[in-house]
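Peer 1: Got a structure for you, questions after.
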Amino acid sequence: MEPETEGPPPTIQVTPLQQMMASCAGAVVTSLMVTPLDVVKIRLQAQNNPFPKGKCFLYSNGLMDHICICEEESKKAWYKKPGNFHGTLDAFLKIVRNEGIKSLWSGLPPTLVMAVPATVIYFTCYEQLSTFLKTKLGENETRIPIVAGIVARFGAVTMISPLELIRTKMQSKTFSYKELYQIVSMKVSEDGWISLWKGWAPTILRDVPFSAMYWYNYENLRRWLCEKSDLYESTFMINFTAGALSGSFAAVATLPFDVVKTQKQTQLWTHEYCKFPEPLDMSTWSIMKNIVADRGFSGLFTGLIPRLVKIVPACAIMISSYELGKGFFQQQNVESR
């Protein structure tokens, strides 16, 4: 009598609440690990080209890019502190030594109010959609990560965009809830409800293709690495590696949309803050044509290395932390049976 072949262990599902908790923990870990890289980059930029009042710049906490408006003429703002840095490593060391290690996370708390909920919505929606589609199409259907990634990212960006707009407006002044309501009401009455989603289109154009490519490559790379390692369940290193590689592929492929998004959003907010009339044509296609005309096709791939330095560790840390959290809850669910 032949021995029975051992199959994969049954998959222990985690609840939506547990998925939310795992993604929340992963989001916090990612932001704590990645934010110092962007803080140092911004400090170096401000040292070489000081930000004038009304200047917009991007701040990334590893989860989202946030538009920040330079409000203060003095050197009180964290990005205007003098440093006399000579390179990235020197900036790290001098900031820690002269200002304290907490300065590496300057500006982080206000952005987490948006970034953590967005990440929780995104990952939980992806998991729920994937589970639902697998029951309809089968476990090995390759289109599932693409569809789930597109829908989840579209929903997360759409839900968070109005809140991010409000956060950007509140940078210059602390508003009461009543004042905030009046500002939003005035904005809606002047420009309509659609005005609350200013900057939504370029974000969708970059993030939705990124999400589709990322999840498709991640799920397939993880499965392939497990097969090569003769494992049924992925390890922390497999998740980390698959996340890093998938993030790098998606970052390169969507770089032109990132260049357009950055330029469009900074122009929009600079014009709004300085009360300049907006250019008549700020469509994505128009901005792309202007970039190609000024700098050639290579202009659409400006900033590839900085984008990879930001995206690759963020994707690797986020997905491996998230899967680690899910594994913890799966173990808890097994023990509670």
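Using the three backbone atoms N, Cα and C, a Cβ is placed for every residue, glycine included.
So Swiss-Prot lists the following for this protein:
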{"type": "REPEAT", "residues": "14-132", "note": "repeat 'Solcar 1'"}
{"type": "REPEAT", "residues": "140-224", "note": "repeat 'Solcar 2'"}
{"type": "REPEAT", "residues": "234-328", "note": "repeat 'Solcar 3'"}
{"type": "TRANSMEM", "residues": "20-40", "note": "transmembrane segment"}
{"type": "TRANSMEM", "residues": "104-124", "note": "transmembrane segment"}
{"type": "TRANSMEM", "residues": "146-166", "note": "transmembrane segment"}
{"type": "TRANSMEM", "residues": "200-221", "note": "transmembrane segment"}
{"type": "TRANSMEM", "residues": "240-260", "note": "transmembrane segment"}
{"type": "TRANSMEM", "residues": "299-319", "note": "transmembrane segment"}
Peer 1: Six or more residues beyond either end and a Cβ under 8 Å away: which residues meet both conditions relative to the transmembrane segment (299-319)?
Peer 2: 26-27, 29-30, 33-34, 37-38, 41, 60, 62-63, 119, 214, 218, 239-244, 246-248, 250-252, 255-256, 258-260, 288, 291-292
Peer 1: What does the DSSP secondary structure composition of the repeat 'Solcar 1' (14-132) look like, as residue counts for helix, strand and coil?
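Peer 2: Each residue of the repeat 'Solcar 1' (14-132) counted once, the result is 78 helix, 10 strand, 31 coil.
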